[in-house]
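Shown next, in structure tokens, is the structure this report addresses.
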Amino acid sequence: MEFYASLKSIAMHVPSERVKNAEFQQFLDTSDEWIEKRTGIKERRFANDEEKSSDLGVIAAKQAIERAHLTPKDIDLVVVATLSPDFLAMPSTACVLSAKLGIENKPAFDISAACTGFIYLLSVAKAYVESGMCENVLIVGAEKTSSVLDFKDRGTCILFGDGAGACVIGRTKRLKESVLDVQISANGNFSNYLYTPRTLKPTPFNAKEEASEPFLRMKGNEVFKLAVKTLLKDVEMILEKNALKPEDVRLFIPHQANFRIIQAVREHLDFKDEQVVLTVHKYGNTSAASIPMAMCEAYEEGRLKKGDLMLLDAFGGGLTWGSALVYFGGS
């Protein structure tokens with residue numbers, strides 16, 4: 001291989017509005033203590049009515065491109081992961097975001113892998129770069145999850161937040177600056193555990209069709225049990241495959257879904273406090289944006305430096321899951 005895929009830059013953006021747990025007491029039977037005890041979440045950010053996922057994503061994307069010392073014209077491919085796209089079916093949020101960046105005549109498409117979206121993005125970007133098809137790939141996890149939440153459902157609306165994270169994946173000849181390994185998987189037999197139904201309307205040919213509300217639905221207990229079991233196995237597999245141990249990893253950056261899930265994986269693998277990146281307490285579950293946002297916070301705090309090895313993992317609707325070993329190739 002002449003070169004490897006490399007994570008050259010990372011950036012993030014969140015809306016300005018902070019929503020604390022206590023604010024849900026206005027319309028739900030809940031409390032700050034109840035939410036934090038079960039999830040580890042203290043607050044989250046919600047976008048305003050005018051903001052869309054692409055608006056959040058484009059701010060993060062511009063900074064990621066700048067940090068990679070590139071311009072939008074240098075980007076060969078744009079891929080966005082989101083469960084809250086700007087439009088129902090088309091155009092893709094990636095196309096909308098590309099236009100806002102001034103990128104023309106370059107491929108752009110979305111990935112639908114829910115909370116595992118960023119791991120899927122890494123897999124796609126790695127393949128495009130290492131095949132020689134692209135030199136610079138912009139990947140963006142952008143979510144306005146508040147647009148798909150049922151604020152009468154205590155089991156879901158307290159969990160999620162809005163935000164975006166973006167990375168530029170480029171080339172390197174150094175293995176220890178590369179996206180070392182990515183593994184992704186799915187099992188559609190559990191698709192009814194976590195889903196957003198499509199709104200169906202009657203037609204002149206099928207007047208019996210019933211409309212459904214397009215809000216995120218989740219079987220929380222079932223998802224929790226499967227997530228812990230699956231992630232433990234997946235993380236052990238990628239470490240063993242690459243002849244690595246938890247102590248070889250500089251930072252463990254899991255999807256920020258729920259503190260209890262993160263803690264279960266962390267304790268099983270015996271990660272130390274300084275190895276684990278946590279942001280769920282202040283942003284909630286930002287789905288496909290959570291890993292790049294957490295990665296960016298670590299970078300901006302000085303915890304992530306060039307050549308550091310990160311272990312990423314995620315689990316989401318589909319059901320989908322995945323993990324990655326990534327050396328930071330930025331500066």
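Quick reminder: no glycine exception, Cβ is built from N, Cα and C everywhere.
Of the listed segments 26-30, 106-110, 256-260, Swiss-Prot assigns region 'ACP-binding' to 256-260. Here the region 'ACP-binding' (256-260) has, by DSSP, the following mix of helix, strand and coil residues: 2 helix, 0 strand, 3 coil.
Long-range neighbours of the region 'ACP-binding' (256-260) within the same chain, counting only residues 6 or more positions beyond its ends whose Cβ lies under 8 Å from a Cβ of the stretch, are 38-41, 115, 159, 224, 227, 278-281, 283-286, 290-291, 293-294, 315. Restricting the average to the region 'ACP-binding' (256-260) gives a pLDDT of 92. A gap of 7 Å separates the Cα atoms of Cys115 (active site) and His255 (active site). Under DSSP, Asn285 (active site) is assigned to a strand (E or B) in the three-state scheme.
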